[in-house]
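Going by TrEMBL, these are the annotated features:
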type	residues	note
REGION	47-82	region 'Disordered'
REGION	95-202	region 'Disordered'
COMPBIAS	101-110	compositional bias 'Gly residues'
COMPBIAS	188-200	compositional bias 'Acidic residues'
DOMAIN	258-350	domain 'Fibronectin type-III'
DOMAIN	354-447	domain 'Fibronectin type-III'
DOMAIN	451-545	domain 'Fibronectin type-III'
DOMAIN	549-642	domain 'Fibronectin type-III'
DOMAIN	646-736	domain 'Fibronectin type-III'
DOMAIN	737-826	domain 'Fibronectin type-III'
DOMAIN	827-921	domain 'Fibronectin type-III'
Amino acid sequence: QSSCLSAKSPGLVILVQVNPGESFTIQRDDGQFQCITGCRPFSWPLPVAHPVGSQGVPRPAKRYNPSNTHPPHGRAAFAHRDERASKTYERLQKKLKERQGTGGGGGGGMALSKDSPPPSPQKSRGTPPSGGDLQNGLGGKGAEEQAQPSTAVTALGKSPERGKETESGDIQARGVSLSWVAPSRTEGDDEPKEGEEDPAEPSFTYEVSVSYSGKDGKYKSCVCVCVCIFRVQAMCNCLQGIPSEPVSFTTLSCEPDKPSPPRKASGTKSSLVLQWKAPCDNGSKIQNYILQWDEGKGTDTFEQCYYGPQKQYRLTKLSTASRYSFRLAAKNDMGVSEFSEVVHIMTSCSVPAPPLSPELIQSGVTWLCVRWYRPAGSPKEDEISYVLEMEEEGSGYGFQASYDGDDLSHTVRNLHRSTTYRFRVVAYNAEGKSNPSGVSEFTTAPDRPGCPCRLAVKGKPHPTSFRLTWDPPKDNGGSDVTKYVAELSEGFSGCSWNQVYSGSAVECVCDGLSPGCSYQARVHCISAGGESPLTEPLQVQTPPVPPGPCQPPRVIGKPKAREVQLRWAPPLVDGGSAVSSYSVEMFAPQMEEGREVYQGSEVDCTVGSLLPGRTYGFRLRAANKAGYGPFSERSEVTTGPGAPEACRPPHVTCKSPTCAVISWETPSCNGAAVSEYRLEWGAAEGSMQMCYTGAALSHEMRGLLPATNYFCRVQAVNVAGVGPFSDAVLCQTPCSVPAPVSARPLLYSPSTCLGLRWEAPCDHGSEITSYLIDLGERQPILTGPVTKYIIQNLQPDTTYRIRIQALNILGAGPCSHTFKLKTKPLPPLPPRLECTASSHQTLRFKWGEGPAKAQPTDSLQYHLQMEDKSGRFISLYKGPCHTHKVQRLNESTSYAFRIQAFNEAGEGPFSTVYTFTTPRSPPAPLKAPRVERVDESCEVSWETLPPMKGDPVIYCLQSMQGNSEFKQVPTPKCMKYAFCVNGLVLVLTFDVLVSRHICN
C-alpha cells in the first residue's frame, strides 16, 4: 500500500504508521519527492526548504506544531516488538510528554503519538563533517559566523541572549544541515546614553552540541547518530549566552551494516547448520540474507547457496572432514550491505581409533618428555585432539589428565625424582573419544648428590706431597655415591685443574709437587644422578728447599783486554722460594783457590783488573731463604788483546796538481797484529771522509784540485779494536791551468752579430789572463779576462759552432762543450703604400700582397704611421693585415704617411713619406623650389646656401614637361636665388628641379 501526502501549512506534524514492506511519499517545500519505506515505524516532520538569504545567512526552517497530528492508520501497533524496541519506544514517549508539558514544541522537533511504533535501533556511522564542510558556518564546536542582529551588546557584564531555536534541513542517512538566527537585542539597550556613540555590531561565535540521552542529558560536540537532539549557544567577547531549545530529528534509512560471519551451529560428516545474527538495519527492515560459499574448492570464487529471510541454513551432501568457506550479506529496501569476513568451517569425521602407546623422548629429575602418534587411518583434515593421562605409582588416585591439546608431545613437570609413572593417551574429535592407548611406564632420573664435606689436609705437608681427606655428602640425591674425584690446581688463580685421584675412598695422597708452591684442592662425587657440586677450594702451601745448581756463567760479547762481562740464568729449580742472591768465584791462571768477585741479586756482573790474553775460570751458586745451593760447573774465559796505539802523523808527497801519495808507519799493536789501516782525507779538518781501508802503509790520492789545501790522518785496527787517530797533517796541491768554461745562454742574436756570456771558471791557483773563442772555420778570437763578448761581422741567418777556453800563465785550460748559435735573418723592406678609397673624412690604404684579413700563422707584420701637426709621426696601425682605414680626417686636407715591416729578425726601415689629400664635401641638400606664375611665364625661387670655405655655390635649374626627362634650363652664371622661365604653356604641368654644385 502506498499513499501520497502533502502538507504546506506551518506548525503541522504528521505521524505515519506503515506496516513492513509498505511505503509512502512526501513532497518537500523545494518540490522534491522523498519516499519513506515501512521497514520501521517513525514520525517525521515535513521537510523544509533551506535557501540562502541575500546576506549569506540561512532562513530559519518552518516550525511544526507537535500537538496537531494526523490520526494513525487503522492498523494496530506492531505485535512483534522486541525488548530493545520497547525500551526505545517508552523512552521517546516519555520525552514527548515532557516536551508537551513544558510549553510544547522545541521548534520543529519530532513528536511521537501514543500508538506510533518505536524506531528501530541504529548505530552511529561515520564521522560528523567538520565545521568547515558545512555551509554558513554550521558544524562542530568552535565554528564562528558573522551575523547581523538587530541590536548590539552595550556592556561586557551582560551575556548574550538565548540563541534562536535551531532548525534542521536537508536530512540524509548520515548527515544533516542545521541553521539558526542570531540573538536579538535585550531591552534597555535599544538607545545609547547621552554623550555615547552608537555601539558597534557584535560578532557572535556559536557552539553546536548534541545530546545522546535526551533533552536533559549531557551535551557533547557533534557526531553522527541516528536520533539526535541538538542545541546552539551564542558567545560574544568571552560571554556565553543561554543555550537554545533542543531540536531532535531522525536520519534517513540506508542499507544494513556489514553482518558478522556465520557460525557453525551443528554438523555431521556430510552436513552443516549455519547460523548468524541480524546486523543493524539502519532504518529499513532486512528482507533477505545472501549466503555464499566456495563449494569446498579452496578458491576465492564464491557461489550463492542461500537467499532468504531466515537466520540459519542447513547444507547437506558435503564431504567428510572437508573445509568450506562462507560469507554473508544482508539486504533491505535501501540496498545490499557489504559481505562479512570469510569464515572457514569443517565437516565432522568419525571417532578416531585408539593411538599407540606413548613413548619416552627424554627424562629428567622432575620431568618426563612423552610423545605419541596420530591414530592410523585418520584423515589429514580431521581435527584430532589428545588427552594424556598419568598415574603415579603407589599414589592410589588412578589415571589423571595432565595434558589436553593438539600437539603430539608433552613435557610433564613437577614430578618426584627416581619415581615410576604410568601414561596412556586418548584421541578425540567432534564425533567423540577413542579408547585409551596401551599403558607405558617411565621413571624419572635421580638427582645429583650433594658435595662432599669437611675437605682438609691430613698431617703436615711435605715439599713434594700432602694427604687429603673428606667426608661423604649429606644428601646422595636418591642413589649411592659410586666415585670420588679429587682435582688439584697450581697457584691461586684456579684457571687449570688436574685430576689427581678417582675412586671410592674418602682420602688420597697428592705427590709429585713442587717445593714452596701454592696449590688449591677440590673434590666432587658421582652417582647415578650425576655429578655433585664442587667443594670450596682448599689452599695448601708446600715448604721450600735450597735452589738447584745454575748453569755456568757465559761471557757477554767479546772479552776485553782488562775486563770481562759475565751473565748467567737463574737456576732451573728455585726450591719453591725466589732466589735472593748469587755468588761468583774467580780462579786466576795457575791458582787452585778461587776468590769471590761478586755477590748480589743481579744476573750479570763485570770483572775488571784483568790482564790481556790471560785465561780465567768462573763459577757461581744461588741462594734463597732455605740457604745456598751447590756451585755450578767452572767456565773458562780468555781476555782479548788491546787496541793498537796511535800512529805517527802521515807523510804527504804531491806528484802533480791532481795527485798525492800518503805514507805512514806501523804503531805498537798491544798484543795483536794490526789487520788494517784507515785513512781519512778532506778539504777541512772537521769534515774528513774515509778514503782508504787496508793493510798497506801508503795510498795514492787522485782527482784532487790544484792549489787546494787538504787534511789527512790515519788509525790502526786489530782484532782488539780500533786505535786512536793520528794528528792531522795539512798539505797543498800545486797550481794548474784553469777549469773548463761553463757557458750561459747568449745575450742577444741580431742579424750580423752574437752576444755571448759565460761564467769565470776556477783559476786553480793562477789568475785567468784571457779567453779564447773558437768559431770553427773562422779564426779563433782572443779576448781579455772578461765574461761577455760580442762577435761582429757575421752572416745573417747562419748557424755557428762555438767553444770557449780559459788561459792563465800556466797554459790553456780545457775547452767548454760545443754549443750552436744562429744569427737572425735581415729585417724585411717596407711595402708600397697605396690609397684605394677616399672621402672628405676617411682614407683607405693598402700595402703588400696578401689577403685583407691576417692569418694566425703570419710572422710578417706592418707598422703604419701618420705625421701630426707638430711634424712627429704617430702610430695608426700595427699588425699583420694588409689594409687599414683612417677616419676622422678633415676635408680637402693633405696628410703624410709612412709604413714599416718587421718580423722575428727585427724592424725594417721606414718607407718614403706618402702624401694624400681628402676631397671637398658636397653642399647640403636644397629644399624644393617655389614656382610663381607671372603672366605667360613662371618665376622659380629657392633658398641660398652660404659659401663653403670661401668657394662660391653655383645652382643648376632643370625642368621637366609632362612625363619627359629633366632638362637643364639655361641660366646666367650670376643668378643666385631666382629665375624667370618664359614660353611655358599654362595648361601643362611642369616639374622644376634645382641642383647645385661648387665651383672648382
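Placement of Cβ uses the backbone N, Cα and C atoms for every residue, glycine included.
Confidence in the domain 'Fibronectin type-III' (549-642), given as mean pLDDT, stands at 89. The residues of the domain 'Fibronectin type-III' (451-545), classed with DSSP into helix (H, G, I), strand (E, B) and coil, number 0 helix, 48 strand, 47 coil. According to DSSP, the secondary structure content of the domain 'Fibronectin type-III' (646-736) in residues is 0 helix, 45 strand, 46 coil. For the domain 'Fibronectin type-III' (258-350), residue counts in helix, strand and coil come to 0 helix, 41 strand, 52 coil, using DSSP.
Counting residues of the domain 'Fibronectin type-III' (827-921) by DSSP class, helix then strand then coil, yields 0 helix, 48 strand, 47 coil.
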